[in-house]
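These come from Swiss-Prot:
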- 1-34: topological domain 'Extracellular' (TOPO_DOM)
- Asn14: N-linked glycosylation site (CARBOHYD)
- 35-58: transmembrane segment (TRANSMEM)
- 59-66: topological domain 'Cytoplasmic' (TOPO_DOM)
- 67-88: transmembrane segment (TRANSMEM)
- 89-109: topological domain 'Extracellular' (TOPO_DOM)
- Cys106-Cys198: disulfide bond (DISULFID)
- 110-129: transmembrane segment (TRANSMEM)
- 130-149: topological domain 'Cytoplasmic' (TOPO_DOM)
- 150-167: transmembrane segment (TRANSMEM)
- 168-205: topological domain 'Extracellular' (TOPO_DOM)
- 206-228: transmembrane segment (TRANSMEM)
- 229-245: topological domain 'Cytoplasmic' (TOPO_DOM)
- 246-268: transmembrane segment (TRANSMEM)
- 269-281: topological domain 'Extracellular' (TOPO_DOM)
- 282-301: transmembrane segment (TRANSMEM)
- 302-321: topological domain 'Cytoplasmic' (TOPO_DOM)
Amino acid sequence: MSLQKLMEPEAGTNRTAVAEFILLGLVQTEEMQPVVFVLLLFAYLVTTGGNLSILAAVLVEPKLHAPMYFFLGNLSVLDVGCITVTVPAMLGRLLSHKSTISYDACLSQLFFFHLLAGMDCFLLTAMAYDRLLAICQPLTYSTRMSQTVQRMLVAASWACAFTNALTHTVAMSTLNFCGPNEVNHFYCDLPQLFQLSCSSTQLNELLLFVAAAFMAVAPLVFISVSYAHVVAAVLQIRSAEGRKKAFSTCGSHLTVVGIFYGTGVFSYMRLGSVESSDKDKGVGVFMTVINPMLNPLIYSLRNTDVQGALCQLLVGKRSLT
């Protein structure tokens with residue numbers, strides 16, 4: 001089947017363009033909307049405050065000027081970006097009692113969401129590679145994970161994530177939407193928009209499948225293999241304190257990986273379902289709100305260096321100047 005055929009609308013469909021979508025949101029009862037507003041506002045403030053605090057600690061604390069914390073600082077930026085793409089717009093709709101989003105704004109939200117989510121995939125992989133070198137090859141670690149290598153890994157991650165997000169957005173822009181225009185979600189995402197298209201989504205679903213293999217399966221396999229080597233190396237450490245410290249740094253990362261990939265698999269591996277459900281909204285909340293809010297807690301609670309840097313930052317022993 002040709003590329004042109006895949007992008008053609010189905011015969012007999014009305015080709016009238018949809019100018020805006022209606023996002024049904026998390027709840028549709030007016031009584032619950034103030035509660036949802038307060039909870040989302042609280043989550044947004046906690047997430048931005050927590051992640052920006054970790055970023056500030058990484059920048060000002062010399063102990064944290066190491067590759068692992070360089071990647072952690074980047075992860076904090078991503079977490080702030082991820083929740084900012086969805087939550088402020090939803091808060092605005094709750095305040096204005098308007099649930100519409102323009103077609104262009106919907107595509108923009110789709111692009112930035114997949115840009116940041118894709119970057120998350122590659123950054124978590126880079127963090128696993130960092131732990132692999134630090135624990136399994138400590139003698140060459142400083143050379144193989146130099147500042148140049150760190151920056152190259154982050155730059156390559158941004159380039160791959162940008163390419164993926166742009167591909168999905170351009171492919172989505174080729175679809176025809178002729179009604180209905182109600183999105184059973186609180187932000188614009190691929191599976192929900194596929195269900196509203198009156199043209200074929202075969203190409204889009206194929207692209208999503210290929211992207212999942214490249215950006216989810218391959219990184220997850222690499223992370224799993226890396227940590228298998230890490231566990232084998234840690235078990236050979238004779239010092240109980242050394243084993244505990246190694247497992248604590250790796251445990252935080254594995255927890256974040258498990259939550260991130262678990263929610264991602266549930267969201268994008270269910271394209272055969274006929275319609276969106278409240279489960280999709282729950283997973284969406286986990287991906288865009290809970291994950292970014294939990295990440296700083298997961299890393300700070302299990303890492304004494306981060307805890308110490310945050311305490312120094314909060315009591316004012318160090319300043320950003």
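Residue numbering: from 1, along the chain as shown.
Placed from the backbone N, Cα and C atoms, the Cβ positions cover glycine too.
Sorting the disulfide-bonded residues Cys106, Cys198 by the number of other Cβ atoms within 10 Å puts Cys106 first. Scored by C-beta pairs under 8 angstroms, the transmembrane segment (35-58) has its highest count with 67-88, from the stretches 67-88, 206-228, 282-301. DSSP places the residues of the topological domain 'Cytoplasmic' (229-245) in helix, strand and coil in these numbers: 12 helix, 0 strand, 5 coil.
Just going by CB pairs under 8 A, the stretch in 67-88, 150-167, 282-301 that sits most against the transmembrane segment (246-268) is 282-301.
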